[in-house]
Every structure is written in structure tokens, then in C-alpha cells.
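Read the structure below first, then the notes.
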Amino acid sequence: MATVQQLRSQAKARKIKGYSKMNKAQLMSALGVSEKSARPKGDARARATAQKSGVAKTYAADKLAEKFGAGNEGKRAEIKARLIKSVAKELKAQEKALGRKLTVQEKRKAAVKAISGEVKAMRHAAKGRAIVPTGGKMTQAQQKRKKAKSGKQTLEDKYASANPSDDDVKAFAKEYRARELKKAHHAGTVEAIVNRKLNLGSHSREATPAEIAKAKKEAEKEARTLTDDQIAKKYAGSNAAAYKRTYEHYVNDAKRTIENATQEIAKTKASSRMSPDSKEKKIKKLNKAIEQANGDVELFSKRLKNVDKDAEQVMKETLAQNRSFAARGLDKADRSDVEAVMRHVEGGKGTGFTVSQSAQAQTRSKTKQKQLIEERSTEILRDHLKAIHEGRAGDETVNSMKALGLKKKPNATELKKAYRKAAAKAHPDRGGSPAEFRRVQEAYQSLKQKLES
């Protein structure tokens, strides 16, 4: 809207008489303009465009915050801030991808995409589910479907059959172990990189969940693409600075020891109160300290020259150590699974997982234990391969329901009743096998957790 001063300037330019004494309404009448037409058309168009692109997302955020906030003022504010932040992030990403500023249509499209994603996530959260961010990667289900379409055979598909032979089971066990060990080694490498990225243990504050998530995402990629030498070289810098300070401290400390011992020797020689034997004994002790300090100076001076190599070597040792721990954890998990059944076979009663105190269990030879573990492992793997062949290994809920003899999803009371009936039937004391009894227990725990969640 034009001001009085602007209208007077226009009236002066048109040489309208008495313009200086006119008020705003008189000036507008003399100039032949109205309140609506006083604003230039270009300004009106720009204002409308700004309203569409800028206010629209705030309006949408207000409406959605009111819908999902459920009368909670704090939650509404949080949702609104989340939506606006998501839109801003998407706009920035689109501009970066295109390398230019977005048009109004492109901004609107990006905003709709961002808000739709957030709304979908909030709806899933309201139903007790969560959308797992994949970072542009395929989900596990998508990967399985892609493998099925491409005809690529998985390890399980390779050995699955109606009645797997012992040789097939052993071959599957060997390849399965190698695959799991590879995963464990990868996890150990990722952990070592994450710890070095965040410098865990060297800061007073703990890393935030966002920092940990970001470091883990980067570490996953580096663990897959970089060799041990490349990882060690990349993360040796943070170690090298610390080692340099430590080595310098040791060198300076050793030099001070040499200086103090030399002064003490001079004082001892000049002393008239000490006997010759005492002087000789003390000087000998001081010379020994000087010799040791000279050795430290030489050693740590040499290490100062090779501090970068030392740091790389330590990083390599850390990677190896983490992988070793991961492999041990895998061994322990395998053993605990088999040993639980072994204790039942040895004489445990009730649930089958009580530690037996029988003389037979305590005197069992290692050869017998090893044989039992191998037999149990073979039985587990054979059942697993059979289940895959029959197409029942993919759906845990369906498998669990079939194991308990259920035809539909149960409530808590129905689940307990079905479990008691199936457990009584499958118990080894009543003619059932340990594998069948264990499966019934696992099925009960799986369905129970789903009901409680």
C-alpha cells in the first residue's frame, strides 16, 4: 500500500494543484487509484508465491501436529518442529542434488514427499510398529525377493531337502560356521572403527545416540570397503598424538633422572661424612640408575621417530583383538545352546535345563561330551534344513503356532493352555525327543513375547 509521501510525489510529478494540502483519500482520488490497485502487480504475485511456498508447510505442520498431538501441547510442538525440520532437510537435499535453486513446483513436491514420510512413520508408531530407515538400501525382505528373482541360491537352499544326509549336514555346518564367523569379524571391525571415531574412553562426556548412529553407519561402509592396512593408516593419527606425548614424557623423565643422579654422585664424592664403602655402594647404585635412564632415552627417542608406525600397528592389533573376541562370542553362543540340551540328557529334570550334579555327569569323558555335542548339532541342523525344504522356516509366528498345535493367534490364556498340552506330549520322559521339547519351549517364548509387546 502506497504511503501519503509516495502519493504526494506522484501528484507533484503530474503537477496536480494543491497536492501538498490534500489528505490520503483526496490524493488517491486525484491520482485515480484505489486501495487495491495502489500495490504493483508484481509485488502481489511475489507475495502470493511466498505465501504458497513458505506458509503452506507451517499450516500443514500445525494441522498434523494438532492431529497427532492428542491434546498434548509439548507433543504438538515436537511434531511441528519435526515436520518443518524434515521439509527443510528435503529441500536442501534436492537443491544439492540438482545444483541449483528449486522452483515453486519443485519445492512443493519436495515438501509433500517429506511430510508424507513423516506422517507414515507417525501412523506406524501409533500402531506400535516402526519404520526402519534403510539409508537408500534394500531391506532384508527386498534382498530375499531380489535373490529369488535372480535365481541366486542361498546357503540354506543349497542343502535343504526332505531328508538331508549326514554329509550334507556336515557341509552345511561348515559353510554356515564360516558365514557366521565372517559376520562376527565384520562386527568386530565395525566396533573398533566406531570406538576410534568417537575416541571412547578419552573424553569426559559420552557420545550421543546420534553421534553413535552416524559413526556406525560410516564404520559399516569402511569395514566393507577398506583393508586392514587402510583402516590402520586412517585412524592412526589420533593414536599417534597420544603416543608422542607419552614418549616425550618418558624421555624427559629419564633425562631428569640422569641429571639428578649425576648431581648426587658429585655430592657423594665431595661428602666427608660417608665412609668409602658407603660412597662406593651409593655411587654404584646411582650409576645403575643412569644406565637404565640412558636406555629409556634411547628407546623412547627411537619410538618417537616411528610413532606413526607404532600407532598403525596398535590399530591393527585392536582390529585383530576385536575379531578374536567376536569369534569367541560365537563359539560361546554355540556351546551354550548345545550344553543346555546336554545337561538335560545327563540327568536334569523338570524344564530340562537344570545343571546335573549326578556322578555320571561329573565323570563324563571329554570325548563323550564332544560326541554328544556333535550329535546334537547335527540333529538341530537337520531339522532346520527340513523346515526350510517344507517352506516353514520363513514365518516364525506360523512355525511357533504349529509347534503348539494352534490354528489361530491365541490370547494369553489360550497360549498357556496350548503350551502345557504340547510340552506334556513332547517331554522326553513321556517319549518325546529333546529337539521337539526344546522347539515347544522356544515357540512358547516367541509367542509370549509377541503378546506382551
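Backbone N, Cα and C define each Cβ position, glycine as well.
Annotations in TrEMBL come from automatic prediction, not curation.
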Which listed span TrEMBL calls region 'Disordered', if the choices are 201-225, 376-400: 201-225
Where TrEMBL places region 'Disordered' among the ranges 257-276, 277-296, 417-436: 417-436
Feature region 'Disordered' in TrEMBL, mapped to one of the ranges 30-56, 57-83, 84-110: 30-56
Tally of residues which DSSP labels helix, strand or coil - the compositional bias 'Basic and acidic residues' (203-225): 17 helix, 0 strand, 6 coil
Residue distribution over DSSP helix, strand and coil in the domain 'J' (399-452): 42 helix, 0 strand, 12 coil
